[in-house]
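Swiss-Prot has this to say about the protein:
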BINDING   Gly112, Thr113, Asn114, Gly115, Lys116, Ser117, Thr118  ATP binding site
Amino acid sequence: MNHSLYLVAGLGKTGLSIARYLKRNNKSFVVFDTRKEAPGLAEFQNEFPDVPIYLQQTPDEVISQVTDVITSPGLALDTPVLERARQAGASIYGDIECLAREISAPVIAITGTNGKSTVTTLVGEMAKAAGFRVAVAGNIGTPVLDMLDDEHHYDLWVLELSSFQLDLTYSLSPVVATILNVTPDHLDRHHTMEAYTQAKQRIYRGAKAVLFNREDVYTVPHQSCQADIKCISFGKDAPSMGNWGLIEQENTTYLAKGMERLLPVESILIKGVHNWMNALAACALAEAAGISMQHILNVLKTFPGLPHRCQWVREVDGVGWINDSKGTNIGATISAINGIGGSMQGKIVLIAGGQGKGADFQELAQPVSEFVRSIVLIGEDADKIESALAKVVPVVRASSLEGAVTIAKTCAKPGDVVLLSPACASLDMFRDFNHRGDVFTSSVRGL
């Protein structure tokens, strides 16, 4: 007889998917959320009318019976309920761990501060083109456990994983795993770069092959590659045999593996040096998982990129407008400024600001001084950004994103690009980064 009692910690999309998974497996469970108005509460109560739900507090007599806590990645590991459950002897893990225990199909695992969604989607498209039944999931789109049902049988899982998800995962053994890059982010949760990097490094555990960024020391595996683990790297320089990089020949830049030129960068639709790195990483991951080079390159030539990630909006009076609302941290914005600024004649007018998540905006000074004409600031941490950058370029303030678009139009000259890449989270003014990007795009289309 099974006496296990599961606690689902955190509602929302992930919590609902965990509850459905437990119900399918005939497990007893209760639910907890720190919020009084938990997202998805009405839907949960409609679907699970008999399951106890505790908001803001869980009684000790319940905690003492709990054997397993499956928590949403949004809940910090030092949340009191999780601490109490841990002290009472419960196992604590996340939905990716549940998936890892259930599936036998190979997994490609992808993390990194920036570029995860682009690379994950790109690898998924390459696998589809090669005829794989592929599940693209994790920190992107549908929660993994909603894809784990009797109707779907996948040949391959391509998982985008956040540092929070990796903190809660122990049994994943990917066919290939990568950390694309590591720059300061989520330091409000992880507190130090060391802890954040350590969380990312968990992705390599149990992997048959690892792909790292040879220009980013934080991505290099901490455990040196053992004989039975294949180590592959990518970077902007010319690659050594078996690795991936860029080769310059006769004024043309090529994506390359070893000495083999694969494709001129002009042939791919996603623009900027940072996107060339994303393309190289996707190629390396797909090939390591057994996808043919023909399918890989065909997809690269037609993949248009993802919304809100260095997405071209339009040109007005000789000025280009680019929506990079997904630039929610400094590293993403540095990549966007360097990637776009390094491939154009004019200057960038940068729209930035929002919730800075404890970041040090001084790190923007170097790329801003090289490529940016002026900055228009919005949002909660505008003061911090202004004090870090006001001596580098002219800084203007706007009370709304629509106002920032109007101001940016007057600052830009023909040949320039206006780039929305906020280097901040969006929740001070918007529902999420998608909403912020939609408001920007709509304002630009109205010019």
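Every residue, even glycine, has its Cβ placed from backbone N, Cα and C.
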Beyond the site residues Gly112, Thr113, Asn114, Gly115, Lys116, Ser117, Thr118: chain residues whose C-beta lies within 8 Å of the centroid, for ATP: Ile110, Val119, Leu180, Asn181, Asn278, Ala332
Which of Thr113, Asn114, Ser117, Thr118, all binding-site residues, has a Cβ with the fewest other Cβ atoms inside 10 Å: Ser117
Around the Cβ of Lys116 (ATP binding site), the count of other Cβ atoms that are within 10 Å: 24
Spatial neighbours, same chain, of Gly112 (ATP binding site) - Cβ under 8 Å, 6+ residues apart: Val119, Thr178, Ile179, Leu180, Asn181, Val182, Lys200, Thr219
Number of Cβ atoms other than its own within 10 Å, given for Gly115 (ATP binding site): 25
Assigned conformation of Asn114 (ATP binding site) - DSSP reduced to three states: coil
